[in-house]
Amino acid sequence: MSPTGHISKSKTPTPHDNDNNSISDERETWSGKVDFLLSVIGFAVDLANVWRFPYLCYKNGGGAFLVPYGIMLVVGGIPLFYMELALGQHNRKGAITCWGRLVPLFKGIGYAVVLIAFYVDFYYNVIIAWSLRFFFASFTNSLPWTSCNNIWNTPNCRPFESQNASRVPVIGNYSDLYAMGNQSLLYNETYMNGSSLDTSAVGHVEGFQSAASEYFNRYILELNRSEGIHDLGAIKWDMALCLLIVYLICYFSLWKGISTSGKVVWFTALFPYAVLLILLIRGLTLPGSFLGIQYYLTPNFSAIYKAEVWVDAATQVFFSLGPGFGVLLAYASYNKYHNNVYKDALLTSFINSATSFIAGFVIFSVLGYMAHTLGVRIEDVATEGPGLVFVVYPAAIATMPASTFWALIFFMMLLTLGLDSSFGGSEAIITALSDEFPKIKRNRELFVAGLFSLYFVVGLASCTQGGFYFFHLLDRYAAGYSILVAVFFEAIAVSWIYGTNRFSEDIRDMIGFPPGRYWQVCWRFVAPIFLLFITVYGLIGYEPLTYADYVYPSWANALGWCIAGSSVVMIPAVAIFKLLSTPGSLRQRFTILTTPWRDQQSMAMVLNGVTTEVTVVRLTDTETAKEPVDV
């Protein structure tokens with residue numbers, strides 16, 4: 001650190017854990033501000049922005065849904081997003097070390113969020129592998145999901161042209177199939193109430209199946225060869241190869257840290273916007289497109305009086321922004337200390353929400369075209385999730401001139417949307433463990449190779465003929481209630497134990513002005529209520545897991561709850577361990593374990609007769625500090 005308080009790329013003053021005696025360390029920082037912004041945007045903007053938000057907006061009152069969505073975004077989503085970015089930038093460590101320094105009693109929060117990210121990465125990359133498989137399949141003059149004369153097709157298969165000729169709505173009533181309260185996250189959005197990732201029923205009505213539906217379910221997934229989660233069947237080696245390619249891409253993007261991933265995201269984060277723009281222009285030129293957009297945006301303000309609409313809005317906001325996975329904290333820890341994290345939080349949150357809104361025009365312009373072509377209602381083709389991007393949208397693309405081109409860029413968009421979100425989840429784990437265990441940091445390349453090898457081996461279960469059942473189980477339980485509980489404890493630890501006043505001073509020290517009263521009220525009161533609201537409503541509506549007509553056995557649901565509980569239990573388990581291993585009376589132990597690491601170091605130095613500026617780990621230059629500004 002220079003005399004003026006400037007932080008160089010090579011050396012960043014920062015406090016360490018108790019097992020480290022120095023107060024500064026070598027920490028890599030982003031080579032440019034844009035690298036950080038693109039990484040955060042790439043993580044937050046993922047598949048759910050394309051397949052989830054537009055349908056929610058349509059289902060919950062059209063344009064009126066923007067009212068509860070905007071309120072939940074402002075009072076719950078952005079404050080939590082801002083909080084986690086600020087924590088990461090100020091403490092300059094991954095989740096485990098950060099929480100160990102902030103509130104030692106709640107160090108288990110760090111372990112919990114790392115374990116949640118670990119579970120999610122087991123299955124999230126399978127979605128990317130599906131996208132890659134479709135991408136490879138698109139290199140043909142005739143897209144394979146357009147006809148019914150393939151070996152995987154059944155006599156009930158109907159191509160799109162036959163559907164149009166007979167006016168049979170074989171796409172099916174998707175809104176019925178996907179009538180859910182809280183929907184699929186698939187990394188940034190997770191099932192909360194037993195709703196189904198049903199793709200086998202998509203495209204199925206009155207005994208008929210669309211060609212696109214049979215291609216996905218009978219060829220890509222081969223679900224017809226499995227009876228359930230107890231019958232995974234053989235590994236599909238084409239999918240296993242695609243999954244391997246995905247992990248190789250992830251490895252060579254992350255093995256050197258942010259120096260490599262920060263450059264890769266220039267493509268993976270920006271390419272989807274180019275494709276969305278192209279698809280938007282193309283969609284608006286299709287017949288019937290404005291009918292779809294009308295359904296998407298026409299406001300029905302009576303909908304906002306329904307509790308489930310507000311739950312949908314809150315759930316979408318929370319899981320779309322993605323606090324609690326440790327990703328925001330990890331990415332921000334590589335910022336320069338005086339970076340304006342407040343501006344970054346507002347900018348990236350706005351871009352994330354705007355992307356979701358624009359994606360709605362891309363999706364519903366094509367759904368309007370499908371409804372117009374098939375002679376059915378929008379309700380009969382409007383859906384979300386895998387059924388939208390792997391069945392409905394591909395079927396529509398196949399009818400356009402130059403369909404191969406449209407298919408290639410669409411699935412490349414899905415691939416890149418998934419990849420940079422996967423980068424974030426993996427980096428959260430790597431950074432947290434590297435900061436807590438220095439040996440891992442010194443052998444990062446080997447550790448990342450081992451981590452992705454483990455992911456691949458476990459991911460093979462999702463590449464089997466019954467792998468979708470395993471995938472669906474993880475999607476339901478890996479990061480639903482557990483992430484909500486973890487972030488609830490984050491909000492409590494920061495606001496009520498560490499203290500919003502102290503946290504505000506930390507932010508003032510970084511950016512020159514403290515957060516205003518509004519942010520403090522949100523952190524202290526609104527955010528915890530926001531999280532409890534989502535959690536309690538989800539628990540009330542909980543139903544055992546199903547998929548189409550298949551009901552998961554009791555042992556599968558029990559396994560799912562064990563997975564969910566294994567991460568959350570780290571919070572009390574680590575707290576109990578800390579209480580038992582800390583000397584002193586019970587009251588003294590609580591005092592020590594709720595005292596931030598910096599204060600403990602300050603007290604230790606004062607007791608040793610040493611009083612020095614280094615006892616308070618702040619980086620503000622008093623001569624250049626800015627005056628407080630209320631925001």
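Placement of Cβ uses the backbone N, Cα and C atoms for every residue, glycine included.
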Using the topological domain names from Swiss-Prot, determine whether K33 and R444 lie on a common side of the membrane.
yes
Which candidate from N91, N300, N340, N352 does Swiss-Prot annotate alongside A44, N49, S320 at the Na(+) 2 binding site?
N352
Annotation match for N-linked glycosylation site in Swiss-Prot, from N20, N182
N182
In the same chain, residues at least 6 away from the ends of the transmembrane segment (468-494) whose Cβ sits under 8 Å of its Cβ atoms read 80, 83-84, 87, 99, 102-103, 106, 109, 112-113, 116, 119-120, 122-123, 126, 184-187, 190-192, 194, 196-197, 199, 221, 223, 226, 228-229, 232, 318, 323-325, 461-462, 500, 503, 523, 527-528, 531-532, 534-535, 538-539, 545, 547, 550, 552, 556, 559-561, 563-565, 567-568, 571
Tertiary contacts of the transmembrane segment (405-430), defined by C-beta under 8 angstroms and 6+ residue spacing from its ends, are 39, 42-43, 45-47, 49-50, 94-95, 113-114, 117-118, 120-121, 124-125, 127-128, 131-132, 134-135, 138-139, 143, 187-188, 246, 249-250, 253-254, 258, 261, 264-265, 267-269, 271-272, 275-276, 278-279, 282, 322, 325-327, 329-331, 389, 393-394, 397-398, 440, 444, 447-448, 451-452
Applying the under-8 angstroms CB criterion, which one of 64-87, 108-138, 260-284, 341-364 scores highest with the transmembrane segment (446-466)?
108-138
Using C-alpha atoms only, work out the spacing between C157 (disulfide bond) and S320 (Na(+) 2 binding site) and round it to an integer in Å.
36
Same-chain residues at least 6 beyond the ends of the transmembrane segment (236-256) with a Cβ under 8 Å from one of its Cβ atoms are 125-126, 128-130, 132-133, 136, 220, 222, 264, 419, 422-423, 426-427, 430, 444-445, 448-449, 452, 455-456, 459-460, 463-465, 467
Inter-residue Cα distance where the pair is N224 (N-linked glycosylation site) and N49 (Na(+) 2 binding site), in Å:
30
All-chain count of other Cβ atoms within 10 Å of C157 (disulfide bond):
23
Please give me the CB contact count at 10 A for S320 (Na(+) 2 binding site), counting all chains in the structure.
26
Between N300 (N-linked glycosylation site) and N352 (Na(+) 2 binding site), find the distance joining the two CA atoms and give it rounded to the nearest Å.
24
